[in-house]
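Structure first, then comments.
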Amino acid sequence: MARPKIALIGAGQIGGTLAHLAALKELGDVVLFDIAEGTPEGKALDIAESGPSEGFDAKMSGTQSYSDIAGADVCIVTAGVPRKPGMSRDDLLGINLKVMKSVGEGIRDHAPNAFVICITNPLDAMVWALREFSGLPHEKVCGMAGVLDSARFRHFLSEEFGVSMRDVTAFVLGGHGDTMVPLTRYSTVAGIPLPDLVKMGWTTQEKLDAIVQRTRDGGAEIVGLLKTGSAFYAPATSAIEMAEAYLKDQKRVLPCAAYVDGALGLKGMYVGVPTVIGAGGVEKVIDIQMTKDEQAMFDSSVAAVKGLVDACKGIDDSLT
Ligand code: A3D
């Protein structure tokens, strides 16, 4: 049986890391696409030359032509620009919206059966626009953010509790921005919810609140340290987890920016929610119950996402 084909649209920091991870995990043959001439070709060749040491046979190639992504099973989109220190994700909207148009049309024309994972910021609005421009079914287009935000939360919690990251589960809802909603009630250490751990004296409410805020600011913390560009190792790893769930029909329960129409009281919009990802793409949106406080935080995150989508409609007339 032929290896799956993975198209990476954008061969920058995240795109290159995605290609390397896909090769190491032998998820399939990889095509790197970028408008920057030489970059995708150079990265593909460099990664291919790590094959003999790592022992993978997946094919790596780079291109500036959308026809080379033909028949891709998965497309992961990082094309666009990342933020610089002092910028918010929302500042990227105008420039990255134009990029989503060309990428969406490229996927529509050459890889209409792919499962598409968008990473380009501002995430929730860009995945909505990418879906509109590509015309693919909603369940085949989603955005990576929740896996990364949860991973950051899990990392900080494991440091606080001095336990393995594997035994920490975390739950982050809402848009990928300052209004994201890390839900402590649904986050656990080996099944024990965080509020119970506060009662047991493992940590204090103040420390937990600080970790929640650090999670919300997780992207900005790395932008501030790197000074040029934004995080790329953990974002790439998170998207690969989603791609693997699709390619291997794992039915993973993963938070992602998915199209929600009915669940959580929402009507036809993309936002971060818990989902099941398998061979059908986003097979299910999990309709969780929230407390009044959680609902209020989620509502304000939803309102922020709606504001960005409206801004996209104001920029591009073809979006309605
Ligand atoms: P970077 O290293 O700049 O790579 C972006 C690549 O896109 C560059 O190689 C560009 O040449 C290429 N590009 C630009 N325009 C086009 C186009 N029209 N078609 C094809 N390629 C194009 O950035 P990066 O890899 O660090 O980040 C990529 C995106 O991911 C940015 O928008 C970031 O803000 C975003 N990001 C999102 C998260 C989430 O959790 C959602 C995390 C980190 C970064």
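Cβ coordinates are placed from backbone N, Cα and C, and glycine is handled just like the others.
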Site-mate of Gly10, Ala11, Gly12, Gln13, Ile14, Gly15, Asp34, Ile119, Thr120, Asn121 for NAD(+) in TrEMBL, selected among Asn96, Asn113: Asn96
Entries of Gly10, Gly12, Arg152, His176 (recorded positions) sitting next to ligand 1, with Cβ under 6 Å as the cut-off: Gly10, Gly12, His176
Arg89 (substrate binding site) versus Gly12 (NAD(+) binding site) - Cα distance in angstrom: 17
Gly10, Gly12 as binding-site residues, winner by CB count within 10 A: Gly10
Segment-level pLDDT (mean, integer) for the domain 'Lactate/malate dehydrogenase N-terminal' (5-143): 96
